[in-house]
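Per TrEMBL, active site, proton acceptor is recorded for 192. Among the features that TrEMBL reports, N6-(pyridoxal phosphate)lysine is placed at 192.
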Ligand SMILES: *Cc1c(COP(=O)(O)O)cnc(C)c1O
């Protein structure tokens with residue numbers, strides 16, 4: 001038996017007949033760019049989370065860039081990002097000549113630490129940067145602590161972009177990600193909880209003006225006519241085929257989130273006496289993009305990975321090097337008190353196979369193998 005880290009084939013087996021129909025329909029219509037399925041998907045995504053506007057785009061990284069462009073982020077601006085995240089969160093900031101400033105995360109939720117954010121803001125000001133925006137990440141599927149982070153952002157006149165590439169559909173105190181902050185972004189990379197069969201992304205906002213700007217920026221800065229250019233934009237559209245595929249996947253997404261929760265609960269029941277299992281604060285719901293444990297040390301993690309490997313259980317370390325230690329990012333500013341939690345997590349976290357179709361028997365094998 002081979003155990004998949006993320007089993008896209010099991011999902012495909014469930015959806016194959018409707019996916020085939022949806023794909024055939026796009027081929028029959030022949031509108032490969034901005035076909036009617038794109039708008040239809042955007043409406044369904046907006047309805048799913050309760051957002052006023054959804055605008056699809058080419059991928060989750062572009063979604064972040066489009067969000068910063070719509071907010072007018074520019075040279076001299078500080079954009080506060082976590083260090084313990086995927087590189088895309090920070091990568092888009094220097095593209096707009098703004099400066100990413102790295103913030104530590106909390107040891108329990110792995111999400112942006114408000115106290116570290118405050119220190120990073122003071123530091124950014126002291127070196128002549130203008131605090132402009134924060135990008136909390138819903139890491140591994142768990143929403144960041146938005147009430148606290150947004151309050152700090154507003155006190156400092158800053159905008160808020162939620163990077164929900166891993167968290168779309170997560171719940172924060174009764175609200176679904178996509179409706180929190182000024183703009184939320186997500187990714188439909190195949191391995192994300194809601195993934196397509198290629199690259200894809202989307203932005204969500206309640207703000208009509210921001211939505212109009214994003215719509216313009218994603219198609220070469222178009223004006224009222226596609227050959228009137230009002231601003232410098234980019235080419236970042238979601239393919240009609242991917243939109244058609246995503247609608248079929250969205251139809252089962254709520255069910256899949258429940259199944260992920262059941263998988264996570266079984267892991268926690270089987271492993272919490274042995275490792276530090278994920279902590280979910282009251283009022284929050286993770287969509288379990290990853291199930292990530294803390295081992296006691298790097299040595300224990302190495303042994304854990306070895307045991308898993310011998311039993312045929314795939315594991316992955318997300319993320320082995322926090323961004324403030326990466327060659328590409330180490331010269332940007334960060335919380336002057338240091339990012340000790342990000343460093344510590346990078347040294348000892350490990351993620352287990354996680355997808356909605358993980359069978360209970362397979363999970364028992366995984367639990368027995370990694371518990372050692
Ligand atoms: C995957 C991911 C992105 C980027 O999404 P792409 O669609 O791969 O460009 C951005 N932020 C986070 C936190 C991610 O996990």
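Keep in mind that glycine also has a Cβ here, set from the backbone N, Cα and C atoms.
For residue 192 (active site, proton acceptor), the same-chain residues 6+ apart in sequence whose C-beta sits under 8 angstroms from its C-beta are 60, 165, 166, 168, 186, 289. The DSSP secondary structure for residue 192 (active site, proton acceptor) is coil.
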